[in-house]
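Please read the structure below before turning to the comments.
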């Protein structure tokens, strides 16, 4: 009998009331996107200082770092500790998928530069352009590489400079770095492949209620999803292929 494959999710955000009520928390949101039958998915709420033992990292096939309301360039203890773990996972040649904050933190840990987004925050359905020559059609993207992909965006920071040896995989009219990879170890995505319309709208409503955005910004953000949806199935394929297959993403 094949040994059960294990994956670890670093949760860098608390569960919203909506996420808990609707999905049982963000753990389940991620597993619904990335998980397969027979796998074990463990979560550690790193934003609350909950981390796995270093000796236990070896037993996991792959790792996911979630989004967060915190800035990846902050020097709080849990963020610095997560940076150290990223470096250890790199040394171990482990697969690490970085989402939003995770995308930014991996860039920081690997020597890149992260800062407040120069063109302002995004809370919307965005369209990103794939750098076709940077990916091989027969690998994680499948037989055909699309020119563009839609993805839900929810962030106020950005990667300004890629780490050495990083490969740019996607960009947009708003941001120069929407997706990148480093060797076969890291795949990093600024958007949220795990989000859907309901999750985005709940975030917009909460941010609006907190006074962080204005009503017209909230309405414009929601309007981006009136006629279109995120390419969730395609993102699911990319992320699962990265975490669970061996071929290189790089040309």
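The backbone N, Cα and C atoms fix where each Cβ goes, glycine too.
Note that the structure is a prediction, hence the values are computed from the model and not measured.
The domain 'Glutamine amidotransferase type-1' feature in Swiss-Prot is assigned to 16-213; the stated evidence is sequence analysis.
DSSP assigns residue 100 (active site, nucleophile) to coil in the three-state reduction, outside any helix or strand. According to Swiss-Prot, the active site, nucleophile annotation covers 100.
In the three-state DSSP scheme, residue 192 (active site) is classed as strand. Taken from Swiss-Prot, the feature active site applies to 192 (among others), supported by sequence analysis.
Here the Cβ of residue 194 (active site) has 25 other Cβ atoms within 10 Å, regardless of which shown protein chain they belong to. As annotated by Swiss-Prot, active site applies to 194 (among others), with the evidence given as sequence analysis.
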Length of the line joining the Cα atoms of residue 100 (active site, nucleophile) and residue 192 (active site), in Å: 7
Cβ neighbour count within 10 Å of residue 192 (active site): 24
Other CB atoms, at most 10 A from the CB of residue 100 (active site, nucleophile): 27
Predicted model, mean pLDDT over the domain 'Glutamine amidotransferase type-1' (16-213): 95
